[in-house]
Structures are given as structure tokens and as C-alpha cells.
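Data block below; observations after.
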Amino acid sequence: MKAGAMLRKVKSRSWKKQRHFRLQEDGQTIWYKSRWAGTGHSTFSVADVDVVREGHQSEILLSIADEFPADLCFTLVFRGRRSNLDLVAESPSEAQVWIRGVRKLIQNTESMNDKERLDQWIWDWFQKADKNKDGRMNFKEVRTLLKMMNVDMNEEYALRLFTMADKSESGCLENEEFVQFYKMLTEREDVWRVFQDYSRDGQILTLAELEDFLKQEQQEGERSLEHAQELIDRYEPSENGKDHSLHVLARDGFQMYLVSPESAVLDPQLLALHQDMSQPLSHYFICSSHNTYLMDDQLRGQSSQEAYIQALKRGCRCVEVDCWDGPNGEPVVYHGHTFTSKILFRDVITTLAEYAFKVSEFPVILSLENHCSMEQQRVMAQLLDTILGDTLLTAPLDRLVPQELPSPQDLKGKVLLKAKKIGGLEESETLTDEVTDEVSDEDEADPKSLSAEALHLNDKLIMICRGLINSHKAGDICSLTCNILSLQKSKLSRELSDLVVYCKSVHFHSFEYSRLHSKCYEMSSFSESKARKLAKDTGAEFVRHNSRQLSRVYPSGMRTDSSNYNPQELWNVGCQIVALNFQTAGLEMDLNDGLFSQNGCCGYVLKPDFMRNDDSFDPERPQDRNGYTSLRLGQQLPKVNQKEGSIVDPLVRVEIYGVFQDQAKQETSYIDNNGFNPLWNETLNFIVHVPELALVRFVVEDYDKASRNDFMGQFTVPFTCIQPGYRHIHLLSKDGTAIPLSSLFVNIKISELTTEV
């Protein structure tokens, strides 16, 4: 791999171009360029690669299967929202070199400990700064490095550190000397101050001193002594310090503890699967996707099986499939009446069968938007049955009509179909074979007015016309309009209907009607606007409804850019299936990722007890609920670490999302020209009335007085999962992937309020 190879980079059946790929000396970076690109090239880190797929395991490579055999092909799948890299080697042996090589490098990266990651990171910087590649770095190269590392440092001070690190007095730093220079450069004064507050001699923490720190600052209570002993055994670098006759923790070990995963802001015990999974499905928030098949916007975007893979790998447990009649009797999936590309329903279900339970063993809900003819509905039913096999739930558990929904535990490894159904579970054997399906599942129009399907098509027509006008293709509108107006009402086939068990789609009439007439296995879909209105006007009734039945909320059809609404408002009233466009990064997906980061990332989070019983919880008046207690959240924000790029002016904003009374934002001042180790020492205070529903989002931005601040990183955590005390918050990029060695160091205190402040 270091010698390099010519590989074909494939973007489509018609776009296949040779590129020279080579593994760089650091063993972590892959470099590639066109033979005609001159000095231009691209690189990516092995750490950004999630998995290597061998053979024709992407839609693009499948499309060229007749041209290139499977043993020449492989796909690099990246973390986050970055597109896959499809490659074709010159020979099977060359393909295997790269397949096995990249897999081995991924394995090495994932097995690194914190020290090894830091060493690798320092080596990367050394390589970047060593412009003449002589393995040594003069002061001019060091100054360039400091700018690359976002450090605006006094040159005299930098030269003094450089001279101290230059033990050989050669005027250059070799690798080990550079490591020493880096350690002096990154001296953590903030950690040193905390250490000195509890260390009598300023050199070590005794067992008693460490216990005192854990009790006073980390709020660990009775477990402090036991944990102090564990920390010394785990992090003390010297064997003498670990000896039980001495049992002390030196400063280096203390810093290692503070940057370790167990000292992160999100309690690692709550990261694991720990919640009761035996309650009815309606008692859980369920990680849910909208228009799951889309990689981009919903007007002209690409439909892809890869979108399903990415959503399922992120813990999504409810995926959407929009089905339409396709050629040759094969149903297709795409965003109807738009210019999005089409994929086969068969391929979507095959992908679901392969990836549904790789990340989570709990049930997947397949939300079906059915626009197909009777003939192709029967094809859909046959494909679902043959491809999914025993994983598809086709009958109630124990053949009993349920009085309440089964639990995620009961439904492990099962796919549930959410769609229209002829009749109910009690009477399905006695009804006729078909029923007119007048209302699309994603429409909640007044049935007394224009039909919901017509309104839905009208909205889509407006959306498409806007897109056509914007793209100067208004001449296409007439023919498109005629096609839409020629659509007829469809009917529902018995074969497809019989596959619906616990997720029967029904029209929502009112909460009173549902309370008197609806079955626990019936559920409704709400547009974001209707759901928000119900939440605002009748929040307590919505909560009570959602304690027994499932509700699905979906984005407005007018969001042609596949943007998202704020899901928090709907979680506040207990809506379980709050569907978002996973392909669109931003605040809304940060909140979704934050909520579902707990409980083993299994896609199910148990709702608070006051949303699961008959108590009347009103998110507009949280203080009226039984057992109400508000909490004070205080956060001191000392510093943020390393971000590569130009010199920045960072500030930190802390945002609280929850019930209306808890919505709040506060931010620090910005620090001039220091993105490497800015120090704020500012305290922000919040009062939280319903901590069980609150999410806390930490955002770092580059201040810009002339325009909008630039996003640098964020991390979102459920309030109930926060570890108080001195914690590191490891920042994530806009697409939700980790930013190496970039973190906030904070001191968090949570206290109960006895009186309202």
C-alpha cells in the first residue's frame, strides 16, 4: 500500500477514472491523485473509514458488474454523511492487498489507547510541519506548525520552549524532542490548578485526597473510596505509586483520568443498554427516519439503498418506504411526483434484511407509503414474505388480540409493517378482500373537504413547480400537471393488509374518539404543523393518548431541501415516532443523536414514568405534576482544545431543550485569536423544571462580528445522563463524527432547588 497502486474510482456507470492511491508514511493517511492532476491531490484518514465492503456491494459497483468482476471491486464506507468510495483494482490480488490492508489499519486504529492516539496525532503534526521531509524541524517550521494548530503564541515564548526542547542544541527538533516541545506547549494550567486544590504537596494526590476530590467535585458519594483505589490502579504511571503501601496518583495520571471516557460528560454506565425493555412499545421514544431512501433533497435527490444502511447503522428503528408502480411489474421506491431517482422495492427489502439488526436487536418498524396498484401490492407482499422470512411479524404474539402493545423485548429481531389494514385483528377473517384506500398515510386533511390525496398532490405540485421555475424548466409543468390529475384512487390488497399487525394506520379524528374507539394497535401519522398545534392546544391529552397508542410525526412536504423541524416539541407530548430526514445535518439531528446516544444506542429510550401512566402531565405546566422538583445546572467553562485551521475567536454556547419553560441559551465571551487552548473561566446557570425531558447542547463557534459565526463543534447529551464534576466534552462535527482531540473542559454542578429562583 505504501508503494501505491492505480485503482479506478467509480462514480457511475459512465464515470470511471484511474487514480493513483498510496498509503502515507504515518500509516493512517491515504493519498490519491489523478496522473494528470499536477500537484493537486486528495487525502483521507483511515480513522474516517467505517468498513470495507468486498465485491459488488454498492449500487454503483452492481451497475458495472458486467464490466468488472466482483473480485476486482471493493467499497470504502465512511463515517458520517460522506459518500462511499467505490474502487476497482487491476487484479484480484491487488484488490485483496487493499481490502485486507485497510481492514487491518481500521482494526489498529480502533484498538489504540488514548496515549497511542495522542502519539499518532503528534506524529501527524510533525509530518505536516516537516516541509523538507528530513525528519527534523527548525524554528521556522515550528512557527508554521503553531499557525496550523491554531496557536497564536508570543514568538519569544515559543522560541524559549523550542530551545528548552532542543537538547542536542542543533537548532532543530527531532521526533522525540518535538514530543517534549509539544508537552511543554500543551501544559494544562486548568488541570494543574484543580490538582493543586486537593494535593497537599502539589506533586501527588494521596488516596484520601483523591477520595475527597471524587466526593466533593465529582459528587460520587459513598463509592468515592473504592473508585479512588480503582483510578490509581488504572492511571498512575509509576509502579511505586500503584503500590498499596503508597497508593498515590501523580499529576500525569490525574490528567489521564480527566480525559478518559469514564470522565466524559455522558455517564458511560448510561451509554450501555440499561433500561427496562419489557414495557409496551408506546412507552418508548423510537429513533425514526423520514424519506429514508433519500441521500439528498426530496425534489431531485438520489434514492439509494445506502441511505437505509446509514440510517440503520445510526440506530434508526423506524424507516420509511414510498412505493409506486414500476416497470416490469416491479414496485419502485422514490419520492412520488418529483425528480428523485428510483430504486427497486426488492432491493430496499433485501438491504433491510441484511442490516436491520446489526446495531440493535430491537424491532424495526417499516413505515409503508403505499401508492401501488393491486397487482404490484401483491408483489410487495410476496417480496416482504420471501425476503424477510421469519423476521417479518405476520400475526399477533401467541395469536391473541392485544389489550396493550407488546414490548421491544417481546419483539426482538422482528420487522413490523406499518400500513393500512382491512379491518382489525379481531375481525380480519370476516371482511371482504379489498378496501378503497382514499387517504395517503401522510395526510391528515379534513375528510369533509377536498380529499386528502388531492391536497397532498396539490402541495407536491406547488413544490415541483417552484423547483421547475427556479431551474428555468417551466415548460415541463403542463405535462406534469396532466399526469398528476390522471391519478385514481387505489385499493388495498388482502395479501398486503394481512402483514400488518401492531401498526395499523388510521385517520386521527380526535383524542376523545381515540379514547373511546381506537385499539392499541392503531396509530396515526401527523404532519409537523398539525402535531405542533395539538401539542400546544391539548398537550396533556396528547401525552395521555401516546401512553397507549403510537403516533408518528413527519416533516412538511414543503421542505424541498429535506430540512427538519425541532423534534423536542413532539417528544414533550410523548410522540414516539418523530421522523427526521437523517441525511440533513444540523441542530435537529444533533438533538436526535443526543437523545438516542443513551441505552446502548439501541434506538429505544424509555419515556419518563409520568408520560407512561394515567397521570395528567401537561408540558405547558410541568409544576403541576406529582413529585415535581426543579434543578439548577451550573457550568464553568474553562477551555476548549485543538482545532485545526486558521486562527479563530472561539466562544461556547450552552443550549437547553425541553419543555417550554426550560428552553434557554447562554454563551461565553469570545477569546481573541486562540483556537488551541482558550480559557474562559465563566459560569453559566440554568433552572430545569423537567430534567427527564431536557437535552443539553454544547456548541463551539468562531465569532465573526461581520457575519454569522462559523460552527466548530457540538455535543448534545440528555440531562439525566450528565456526570457532574470536572468533565471533558468530546466535540462532534456537523455530521456527527468525532473531531480528534477536540474537547471542552467544564465543571458541572447540579443541585436541587428548594424554592423557585
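For all residues, glycine too, the Cβ spot is worked out from N, Cα and C.
Under the heading active site, TrEMBL lists HIS290, HIS335. Positions annotated as Ca(2+) 3 binding site by TrEMBL: ASN291, GLU320, ASP322, GLU369. The substrate binding site annotation in TrEMBL covers LYS418, LYS420, SER525, ARG552. Marked as Ca(2+) 4 binding site by TrEMBL: ILE647, ASP649, ASN673. If you look up TrEMBL, you'll see ASP702, TYR703, ASP704 marked as Ca(2+) 5 binding site. The domain 'C2' annotation in TrEMBL covers 607-733. The O-linked glycosylation site annotation in TrEMBL covers SER168.
Annotated features taken from TrEMBL, shown on the structure.
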| residue | record | Cβ neighbours (10 Å) |
| --- | --- | --- |
| SER168 | O-linked glycosylation site | 11 |
| HIS290 | active site | 27 |
| GLU320 | Ca(2+) 3 binding site | 27 |
| ASP322 | Ca(2+) 3 binding site | 24 |
| HIS335 | active site | 25 |
| GLU369 | Ca(2+) 3 binding site | 22 |
| LYS420 | substrate binding site | 19 |
| ARG552 | substrate binding site | 27 |
| ASN673 | Ca(2+) 4 binding site | 15 |
| ASP702 | Ca(2+) 5 binding site | 18 |
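Using CA atoms as reference points, the binding-site residues ASN291, ASP322, ASP649, ASP702 were checked against ARG552 (substrate binding site), and the closest is ASN291. Cβ proximity to the Ca(2+) 5 site centre (mean Cβ of ASP702, TYR703, ASP704, cutoff 8 Å) flags the following additional same-chain residues: VAL648, ASP649, PRO650, LEU651, TYR670, GLU701, LYS705, ASN709, ASP710. Checked against ASP322 (Ca(2+) 3 binding site) by C-alpha proximity, the binding-site residues SER525, ASP649, ASN673 yield SER525 as the nearest. Mean predicted confidence for the domain 'C2' (607-733): the pLDDT average there is 83. For ASP704 (Ca(2+) 5 binding site), other Cβ atoms within 10 Å of its Cβ number 12. Take the Cα of ASP702 (Ca(2+) 5 binding site) and measure to each of the recorded positions HIS290, HIS335, LYS418, LYS420, SER525: the nearest one is HIS290. Proximity to LYS418 (substrate binding site), judged by a C-alpha distance within 10 Å, picks out none of the recorded positions HIS290, ASN291, ASN673, ASP704. Counted over all residue pairs in LYS418, LYS420, SER525, ARG552, the record's binders of substrate, the longest Cα to Cα distance measures 14 angstrom. Counting only same-chain residues at least 6 apart in sequence, those with a Cβ under 8 Å from the Cβ of TYR703 (Ca(2+) 5 binding site) are ASP649, PRO650, LEU651, TYR670, ASN709. Among the recorded positions HIS290, GLU320, GLU369, SER525, ASN673, the residue whose Cα lies closest in space to that of ASP704 (Ca(2+) 5 binding site) is ASN673. For the domain 'C2' (607-733), the DSSP counts in helix, strand and coil order read 15 helix, 58 strand, 54 coil. Restricting the recorded positions HIS335, LYS420, ASN673 to those with a CA within 10 Å of the CA of ASN291 (Ca(2+) 3 binding site) leaves HIS335, listed by sequence position.
In this structure, the C-alpha atom of HIS290 (active site) lies 11 angstrom from that of HIS335 (active site).
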